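As structure tokens, the structure follows; a few thoughts come after it.
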């Protein structure tokens, strides 16, 4: 009703951008006639106009027209009008919802260029290193062509490289790298070690994945703490001996376990202790973690065991996350369960959530194919509006209604049969599964039916081939099984991705000749042997024996055709030229990848080697496209890509992402979900009602049912889960907001010290406040002066400032409390000047160095302890909800007290340390006769 009266709010939003779109299109003819040099000169002209008082909004139409023209020349891609709209939405600091295949990556070039003109830096953020690298290489060409510098942050980079890349106009990187660099910068001990500039503007690709899916996971930098390994092993034995229902209950929804009274008795009996909560010998924490590890953390679902280590699997992307560990002893409990080496527990040194990290930017924007379902959360927490950008071509995807089976076994058989039917007609199929284990169940069923397929999951032997598999997933009769759709970012193009194949072919010849062998190459990961031609995507044990040598050989079936003799001889010639210029096996892998990336770009280059490689790349591309375009038409005729979902995800948004793989850019396609009553979503959130229906209808195991009631039950279950998780994220945000204010205060203080701002004045201020604290501790203004404890006051002052050893109680006996404070402040200033001249006799700037050292040392040490205290406080206030108190209000007020105590301790410790500081002269090295 309201929509009819007021009109669609989304359309109203888009309407206000329309005049700018018209203006950009009118400017197109003007910029088309400019030479490359003149187009590049526009960048300096825009910067000059900004200096002279014009705003970014004033420049928007012209800058967008210039970027569009540069993109046409360099990439051969012209921004559609809807992409211009997307760019304006991003420039306004909003979220642009754009469907898969609508060119989100190209859209980001528009606001990135415009905002980079200020010189304050722009961050383009993606979810993994591979995508960051791809975008920096691919879209970076446009920016480089226009004279802007482009940086890239990768996990393996040194601090010097990071600093150089952050100093660029536009920097591509992942959310986690940006976050960890922010934390590391705030732990550095000199300003030279700081790599980031102040956070200005950022565009996040897959913004829902970063700001919502990852919002519950804080980024943590930690140090190691010794803990007894035996406790984890004993607790694991206890967990195995205890029985569910009888000794403990599992709350899957809250991912928690609760011991029953019998459970407590049994656990205490096995361990031979009288109380699990005994503060002298606490066991409860270990036992709870061991039961969680047994019941809630499943091998091949939540983690995999690789090289005798527990490696976490990201529940949203299905990717492994090496190096990440669960905190609070949980990781150790899982190590004990799997009988691998138990590593030391860690102590948090610095932490931040993505929610608060991205709110540090002056302006934030993002793009995704699916944001509308989470619009309320984006607006409430991040103050980000969501605007839907219309598609360039109408959507032809057909979403077939879900089918539900009674048992999981029947569901998997039905999925395998559906794959067989589609394979028969030659349609490509993408099957989304929710765990490594389930993808392998389906793989076995397909092998029994002799259906060749590719497996894409967190297993190491499949990860290496991720983008290669996705790039081919749209070819005729291809069957791809993907866990949680890892590989987001590589488009599934019907008929196959010719550009990617041409790059693979050139790499296959070039890389073995110019890349250093593995043991000389510190940056490369452990490599995986690729399967031989004709295999089903299983690479044996995924390891090569002997010395780790990377294999660049690609399975021949990846390519649509063998390259012509001419192309092959040109390719060998180009590779020889590269070897001649760079040397045989002499480049680190990252550098070689850069060379390969530039060779497959269109940006102008004077390098003869790159020109040769580019010439042969384009020739191979042409040969491949002749095949892929025919195959594209064939696949379109047969109905396009068919996407099969095998379980509804907790969130409708993730389901929509999987569906969005089919029917990109107006192509045909279809999607269907196959479900069972044993699926987690139905089991945990509302399966009883559905099971009741099934039993009432006496449905056979293998008989599918499709019904409106079922579909609405599922939708309701998903809404319940979404609300549940939103509440958790909101709570995380509200609690972290308290920490965030403290973090900002402490990091701002730290940065001022690092930059060496007024160090002496700061320490004198600390010393004066410490004198005030001492007076307030020993002088009670409500008592008569003769009862004031002046002897102790003087002793305490001397304890802090030994240079005031001549101070007597009689010197202050006749003073009022404010006069006493003034007197001691003056004394401490004189003492500090005396201390400074003593220290500086040894080296003129030594006192400033000492000030910086002691302040940073105390801030870091006490902040670490403070983080632990705040964690303990958060757990403690959680219990107060039972006593009718609001835990959040309690946490805020007590957290503030704890913070003030820490700030006081920092001041006092710094003053004490500096007055105690007595530098020693280094003895001169004696001359050897």
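Including glycine, each Cβ sits where the backbone N, Cα and C put it.
As annotated by Swiss-Prot, ATP binding site applies to 83, 101, 102, 103, 104, 105, 491, with the evidence given as sequence analysis. Residue density at residue 104 (ATP binding site): 24 other Cβ atoms are found within 10 A of its Cβ, drawing on all protein chains shown. Reduced to three states, the DSSP call for residue 104 (ATP binding site) is helix.
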Entry from the binding-site residues list 83, 105 having the most other CB atoms no farther than 10 A: 83
Fewest other Cβ within 10 angstroms of its own Cβ, chosen from the binding-site residues 102, 491: 491
In the chain carrying residue 103 (ATP binding site), residues 6 or more apart in sequence that have Cβ under 8 angstroms from it: 77, 79, 80, 83
